Structures are given as C-alpha cells and as structure tokens.
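The feature GTP binding site is assigned by TrEMBL to Asn58, Lys59, Ser60, Asp61, Asn131, Val132, Gly133, Lys134, Ser135, Thr136, Gly175. Per TrEMBL, domain 'CP-type G' is recorded for 14-179.
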Amino acid sequence: MTIQWFPGHMAKARRQVQEKLKLIDVVIELTDARIPQSSRNPMVDEMVNNKPRLLLLNKSDMADDKVTSQWIKYYAEQGIQALPVNALKDKGKQEIIQACQELMKEKHEKLRAKGIIKPRAVRALILGIPNVGKSTLINRLASKNIAKTGDKPGVTKAQQWIKVGKQLELLDTPGILWPKFEDELVGYKLAVTGAIKDELLDFQDISVFTLRYLANYYPDKLIERYKLDEIPEDIVKLFDDIGTKRGCLMSGGLVDYDKTAEIILRDVRSNKLGHLSFERPNEK
Ligand code: G4P
C-alpha cells in the first residue's frame with residue numbers, strides 16, 4: 001500500500017493535542033472495537049504521560065462480542081480501564097461518567113483533604129484517530145449542553161466545554177492523531193474497517209487480507225453469506241467461487257476480481273456477515 005504521512009502534519013497534530021492536554025484531567029481515548037490496537041496511536045502513551053486515561057472501544061455494535069470481552073480483560077490486566085461503547089446509541093454514557101469520576105477519585109480526595117469540599121467537574125478530552133467516532137460520541141454526550149467559555153477579551157482561544165451531567169465536562173473539539181501503520185498488517189486492518197479513504201486503497205489487496213482473516217476465524221459466516229460448499233485453500237479459487245456466486249463475471253465468463261473485492265469489502269463493512277473483529281489480543 002502506498003500511503004504517505006507527512007511529518008509536518010504529524011508534528012502539527014501532536015502540538016494541537018498537547019495544547020488540549022494542558023486543559024484537562026482525564027483523557028478519553030477512542031478506538032475501534034474491531035481493531036482496538038491498530039486503531040490506537042502508540043504515541044498516545046508518551047504524550048498523555050501521567051494523566052488518567054479511559055479507553056473506549058467504540059463501534060462495539062459491529063464487533064464480535066466475544067473478542068471485545070477478551071480485549072476488555074486484556075486491558076484490565078495491564079491496568080487500563082476499557083469500556084465497550086456505541087456512539088450511535090446512548091449505551092455507555094453513564095458508565096463513561098462514572099469511570100471518569102473513578103479515575104479522578106484520588107485527586108478529589110486530595111482536594112477534600114485540603115479543605116476544598118466541592119471539587120469541580122472532571123474535565124476530559126476525547127482523543128483518537130480519524131473516523132473512529134469522536135464527533136459522533138461528542139454529539140451524543142452533548143445533548144445540547146454546550147457551555148460557552150473563553151470568548152472574553154484577553155482569552156485568545158475560544159474553548160467550549162460540553163457538560164455531560166453535573167460531574168463531567170468535555171472539550172468540544174476532539175484531539176486527532178494519525179494512525180500508525182508502518183506495519184502493513186495494521187494498514188490492512190484500518191482499511192477493512194474503513195479508517196482509510198477508499199481512494200487510497202487497492203481493493204483486491206485488502207480483500208485478500210479480509211478473506212484470509214475470515215477463512216481463519218469466521219469460516220461459517222463466509223460459507224453462509226456466499227453459499228459456498230467449502231472454503232478452498234487457494235485464495236484465487238475462493239475469489240472465483242465468491243465472484244461466480246455473486247454474478248461478478250466479465251464477458252467470456254471470467255470472474256471480475258475488482259467487482260468481487262468491492263462486494264466483499266462492502267458486505268464486511270455493512271455487517272452483512274454479522275459482527276466481526278479483525279484483531280485479537282496476543283495474536284501472532
Ligand atoms: P471522527 O469524528 O472520529 O472522525 O468520526 P465520526 O464521528 O465522524 O464517525 C465516523 C463514522 O463512524 C460515521 O459514519 C459515524 O456514524 C460512524 N460511527 C461512529 N460511532 C459509531 C458506532 O458506535 N457504531 C457504528 N456502527 N458507527 C459509528 P458515516 O457518517 O456514515 O461515515 P462513513 O461510515 O461513511 O465514513
């Protein structure tokens with residue numbers, strides 16, 4: 001895959017996130033539940049440093065529930081609290097508020113010890129790679145409670161805080177980081193889930209990865225969707241079988257691989273094969 005990332009853009013994104021980090025108590029890192037590791041930027045660890053962090057596995061409605069549970073456990077073992085969420089629905093809102101409170105408990109207790117009886121609301125930033133659902137989640141949590149601040153003389157940058165209940169305030173603009181995919185496999189996973197613009201992709205290439213992954217972890221779903229008798233070893237034969245079943249034929253009866261690849265990716269992204277995850281903890 002030929003995708004280029006420009007160091008200038010990266011440095012700017014990093015600076016912008018660092019500016020936002022100064023304003024908040026808790027980082028809410030959003031990832032795609034179907035590929036929780038690949039949809040993170042490893043640099044977050046270093047940037048966030050000691051700030052408490054909540055990891056949200058968004059689009060959990062599209063992911064394989066069993067695998068999502070494995071991820072939650074995996075992160076818990078590393079001392080990272082993770083929650084599955086669906087930004088299109090209210091599911092998870094109370095849990096997010098509660099988790100942010102928990103993460104600030106220690107700090108609040110210190111404030112109480114100092115005699116500050118009523119600590120202010122927890123301030124949080126939603127952070128993640130493009131297309132992971134940051135804006136959707138912010139809008140969902142906002143429910144019109146946008147508090148305007150910062151538009152006074154002498155305050156250079158207008159920052160808006162969104163009130164989520166009484167105890168949580170979110171910065172209205174998310175922190176955006178680029179995904180990291182020097183690793184080809186990470187690039188494929190981001191592509192399958194639609195995190196990379198389609199114009200940049202070689203559909204055949206991505207669908208070969210997708211079919212191999214499905215044949216390995218979800219053979220029954222593959223057989224059911226494309227009414228296959230079995231899954232052949234040879235990936236070209238698998239393409240031929242699916243293309244033939246779906247009527248993707250060119251003149252002369254040859255299978256149109258571009259069209260077949262497009263159908264496979266469209267089906268996967270619209271959950272036609274059911275809920276799928278494309279990454280597992282400790283996967284080789
Ligand atoms: P971003 O700010 O992080 O860039 O992401 P954004 O909120 O714009 O969301 C990207 C796409 O993901 C949107 O689809 C949005 O509806 C979808 N999305 C966000 N959260 C969820 C979720 O929990 N479940 C599901 N199923 N979808 C979610 P879109 O506008 O149709 O864009 P696209 O899919 O055509 O790129």
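Cβ coordinates come from backbone N, Cα and C, glycine included.
For the binding-site residues Gly133, Gly175, the ranking by surrounding Cβ atoms (within 10 Å, all protein chains) places Gly175 first.
Within the same chain, residues at least 6 positions away in sequence whose Cβ sits under 8 Å from that of Ser135 (GTP binding site) are Pro174.
Here the binding-site residues are Asn58, Ser60, Asn131, and the one whose Cβ sees the fewest other Cβ atoms within 10 Å is Asn131. Averaged over the domain 'CP-type G' (14-179), the predicted model has a pLDDT of 86. Under the three-state DSSP scheme, Ser135 (GTP binding site) falls in the helix class. Residues Asn58, Lys59, Ser60, Asp61, Asn131, Val132, Gly133, Lys134, Ser135, Thr136, Gly175 are listed as the GTP binders, and the farthest two of them sit 23 Å apart at their Cα atoms.
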